[in-house]
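Structure record follows, encoded as C-alpha cells.
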Amino acid sequence: GWLFWRVMACGRRSGDSKRQVILFILCVCVCQSRAETLRYSLPEEMGRDSFVADIAKDLGVPLSQLAARKARVVSEGKEQLFRLNQNTGVLTAKESLDREEICPQSDTCTLVFKIFFENPLQLIRGEVEVRDVNDNSPVFPEKKMVLKILETASPGSRFPLESAQDKDVGINGLQNYSLGPNPHFSLAVGTGKDGVKYVELVLQRQLDREEQGELNLLLTAIDGGSPPRSGTAQVRIVVVDANDNAPVFEREVYEVRLAENSPLEQLVVTVAAADPDEGSNGKVRYAFTQTSERSRQLFQLNPATGEIRVAGKLDFEETKTHKMVVKATDGGGLSAHCKVQVEVLDVNDNAPEIALTSLTASIPEDAPPRTVVALFSVRDQDSGDNGRTECSIDGDLPFSLTPTFDNYYELRTNAALDRERTAEYNITITAMDWGKTRLSSQEIIFVQISDVNDNPPEFTQEVYTMSVTENNSPLLRIGSMKATDADAGKNARVSYALVRQEGKEQPEVSVNAETGDVYILRPLDYEKVRAFEVTVRAADSGSPPLSAQAVLRVVVRDENDNAPVLLHPPPDSSAAAELVPRWAPSGYLVAKVVAVDADVGQNAWLSYELAKATEPGLFRVGLHSGEVRTARAVTERDAARQRLLVLVRDRGQPPRSATATLAVALVDGFSEAHLRVSEEAPAADPDDPLTLYLIASLTCVSALFLATAVAAVVVKVRRARRSEVETLPTFPTTATESSAGSLPRSYLYDVCFAAGTVNSEFRFLRPLFPCFPAGLPPGPGEQRSSVCS
C-alpha cells in the first residue's frame, strides 16, 4: 500500500498521464505477486482498546482513503481480536489478550490478521506478537510429595521430584529451584532435550532410619520475572529399610503413533518394569510423573498393569505430540522412570469453515452482471489433502463464485436480475475438502433484490362501464377502478387522476386518488345526459413515475321522474269544447288526447283511460291511442252537455299520471252549438283590469318562452359539438313548449267532414271561436271564425 501511494504521487508530480498508468499497473502487479507483512508486538493483559499500531501511518495511506475504500481488519479464526478505526487509522485490541489462553504450550504467540481495502480490492497481511508478562507463578502438581529412600542409599544418589509448571514462557517461565536447609540433601537442577527443567534430590550424607525415620523439606520453584514469582511444595522423606533392587524398565523410551480419532479405552502402550526382589519389595506400581495436566486428562495409566489407554478426545490440531514420564515404584519404595512419547496422526475430522467477511444484503434489480455480492473465506484445520478445499453453489442461480487469494472467494452475479420474478435468493454455498472421506459444510446467504421502477401500472380493464340512476345524491359512489403495479414499495403505490381535456366541460365524476373509487359529483338528469366518457390515469410513485390510462364510461339510467305532459287538450284550458252531432254512430271520433313523457322505456309508455264521464257508457278511450270515441250511437235522450275526465298514466314505478278534461256538446248542427256557446259565455269587458293583467301576463310569458327557446337552441348546438356520445332528442317538458311547437308526425290530424248533413262541418284541434248568424256582428272582444259560413 505504501508503494502504491508513492508511485501515484510520482505520477502526479511528473504530469505524464501515460507514465502514471504504467506505474500503476506495475505497482498492482508487484503488490499482487508479493505483498508485504506488517509485524507488531503487544504485551499480554493490556486493557481493552489498547493501541497496537498506526496502520495509516505505516502503510502511508491518507486517512480519507480508509473510509472511502472501506478498510477493515479480519483476524484468522472465529474470534475477531482487533479493531481498526477508519477515522484515525489506529489498530487496537478489542479485548484484553491472555497469551496463555490464546497460545497454550507455545513459546511464541503470533496472531495473524488481514487488512482489506475495496475499490480496488487489496489485501495486506499483518502479524501481532503477544509478548509474555510474568502473570503466572510456578505451581507444583502436588503440594505434598512423599519420597521413600532406603537407608542403604549411598551418598550421591539422585531422586527425581515432581517438576513445577509455569504457564509463562521465556525468562518469565520456570528458572530455578531451591531447597530448605537440611543436613542430608541438596538439589540438582537440569534441562532436558525438550528444554524442560527438571529437579532431583542429591543425597549428601548417609541416612540412618534408626537415627531419623522422616525428613520434611521445603521445595521452592522460582521464575525469572521481575519481580520473580515462586511456588512451594512440601517434600516428605521416609527412610525405609534396605531394598537393594530397584525396578528396571524394559525400555527407557516408548514411542507410539496414534490416530486422532482413536476411541476411548483404546490401548496405547504397556510399560513394564521388573524387580528381582521378593515380597512387597518386588511388587511394582506405576504412576505418571513430570507429565502435563492435559496429557493426564487424555491418557489413563493402570497402576497395576502399566497399560496406558485413551481417556479423552485426541485432537491433532491442538497438540501433535504428547510426552509423558512413567514412574515405577516397588514395595520397598525404590523407583525407576521411563518416557512415553505419543505422536498424534491427522485424520479428516474437521469440516471446512466458511467465514463471511463482507455481505451486501440488498442489491438493485438493475445491477449489472459481475456485481460483487459477498466476500468470504474457507478454512480447514486439517493438513494435507484433508485441509484442501473447494467451493460450489447449489442450484441454478444467477450467481457464481470467483476465487481471489488466500482461500478467499467472491460471490458475484452472472446474469440480469428481475425482482418481479424472484424477489430474494437463499444462496447455499458448499465447501468440501479433499480427504478420503470428504467432509463439507454449508453457509446460506440471504440476498434481497431491491425494486427499481421498471413496470408501469396496469388496469384490470381497458374500458370500465358504470351505471347510475338519474337524480342521484351528490358524491355517490358508483364503482371502483383498479390498477396494479408489479413493482414494490413506493414504486407500486398507485394514484388515480382524471385526464383533463382542453375544450371540454368539467366532468361530472371524481376518482379517489388512493382507492380508485368513482363518485358522481352532482345529480344527473337522464333527459339531458344519457352517457359520457372520461379518461383516468393511474401513475406510480417511482422516480420517474410510470403511468397507464383507461376509459371510464358512465351510463345514466332513466328514472320515472317526469309525469306525462298533455299536448292536447292544453293543460291550461279549463275544458276543451268538442262538438258531436246527434247522428254520430258508435265509434265516432270525438277527440284525441295527446300526451308525451320525457322519460324513456317503460317510464314513457303511456296508457289512456276514461276516469269520469257524465254518461260513462256513451264514450270510450283507446288504451294506447288516446282517441275518444263514442261507445254507442248518440240518442235524443242523451244530455246535450257531456263532461269527460281522461287519465293519462305511464308504466314507471311508481307510476305518474296527468288528467285531461273534455267538454262535449251534442248538437244537431255546428251553428247551433256556436250560438249556444256564445250565449252562455259572458261578454268580456275590455276595460276590466283582469283582462289587462291577462294580456300583460301573456306578453311576459311569450317573451320568456322565446328567450328560453333561443337559449335551449344555443346550448343544444354547443353540446352537440362537444359530446362524443349521441343523445336522443328530448321531449318538451312544459305545456308552454308544447303549445308553441308542433305535434309529432303520429299525432297530425286530417280535416274530417261529416257525410249526410246539409251543412259542411269540420273540426280541428284548436279553440273554437263562436260563429255568429249572418248580419249579426260579433260582440266586444269577439272575432268571427274564418270557418263560419
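From the backbone N, Cα and C atoms, a Cβ is placed for every residue, glycine too.
TrEMBL entries are annotated by machine, without manual review.
As annotated by TrEMBL, domain 'Cadherin' applies to 82-140, 141-249, 250-354, 355-459, 460-566, 580-684. Residues or ranges marked as signal peptide in TrEMBL: 1-35. Annotation source TrEMBL lists transmembrane segment at 692-715.
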Ranking 82-140, 141-249, 250-354, 580-684 by Cβ pairs under 8 Å to the domain 'Cadherin' (460-566), which is first? 580-684
Taken over the domain 'Cadherin' (460-566), the model's mean pLDDT: 90
According to DSSP, how is the domain 'Cadherin' (250-354) divided among helix, strand and coil residues? 10 helix, 47 strand, 48 coil
Can you tell me how the residues of the domain 'Cadherin' (82-140) break down into helix, strand and coil by DSSP? 4 helix, 26 strand, 29 coil
